[in-house]
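Student: Quick one: the structure is below, and I'll ask about it shortly.
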Amino acid sequence: LRGGAGHDEL
Amino acid sequence: MNIFRLLGDVSHLLAIIILLLKIWKTRSCAGISGKSQLLFALTYTTRYLDLVTNFVSVYNTFMKVVFLAASYATIWLIYMKFRATYDQNHDTFRIEFLLLPVTILSLVANHEFTLIEILWTWSIYLEAVAILPQLFMVSKTGEAESITSHYLFALGSYRGLYILNWIYRYYMESYYDLIAIFAGILQTVLYCDFFYLYITKVLRGQRLQLPA
């Protein structure tokens, strides 16, 4: 799983 | 940004505008589930908390602000301005049956155990099922106005297009987010029955009426 913080979608 | 993501966002935006215009023009929110709209408002609120902590792009910020504003405007129309037209007797889905499992799942299956990340995860799981009160309402009354079905079709298509976007990003950018993918697939699957009725009935000019 990739870590959070960088959600670039809506 | 790729074409699937852009089409998905446009479809999402279109859905929200269709709903707002429908309520505003007809001065009525008959057939619309206020509960689903409350769940969507909760979804945007908890997901877009990063609006103040994390800048992605002008496009990203703009869309987030539009979704939040439109969502709250919709709530205001349903619960305040056109309250008298709100079909409360048919909007009887018990949302605690959604909120409880969504809360537990977001505490268990998340990327990182921090407040903002858990709220993001909660919003992703909640969005996946937020339409259920609306679909329940349609099945309960046995019909939906054409404009309501256009709204549902645009809203359902949005996450379906996001799935294509995730497939694209997996291959082109080696990027994937299992939480979003899992919830997005569930969300799209929930619309399948509706999609079938929409294509076989509404697009052929008939009313969306469920068999008795």
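Just so you know, glycine gets a Cβ as well, placed from its N, Cα and C.
From TrEMBL, for reference:
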TRANSMEM  B:62-80  transmembrane segment
TRANSMEM  B:92-113  transmembrane segment
TRANSMEM  B:119-138  transmembrane segment
TRANSMEM  B:150-168  transmembrane segment
TRANSMEM  B:174-199  transmembrane segment
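Let's see these features in context: how buried, what's close, how far.
Tutor: Distant neighbours of the transmembrane segment (B:62-80): 9, 12-13, 16-17, 19-20, 23-24, 29, 32, 34, 37-38, 40-41, 44-45, 48, 51, 86; these residues of the same chain sit at least 6 beyond its ends, with a Cβ under 8 Å from one of its Cβ atoms.
Long-range Cβ contacts of the transmembrane segment (B:92-113) within its own chain (Cβ-Cβ under 8 Å, at least 6 residues beyond either end) map to 33, 35, 38-39, 119, 121-122, 124-126, 129-130, 132-133, 136-137, 140, 177, 179.
Listed as Cβ neighbours of the transmembrane segment (B:119-138) (distance under 8 Å, sequence separation of 6 or more from its ends, same chain) are residues 31-33, 35-36, 39-40, 42-47, 49-50, 87, 90-93, 95, 98-99, 102-103, 105-106, 109-111, 144, 148, 152, 155-156, 179-180, 183-184, 186-187, 190-191, 194, 208, 210.
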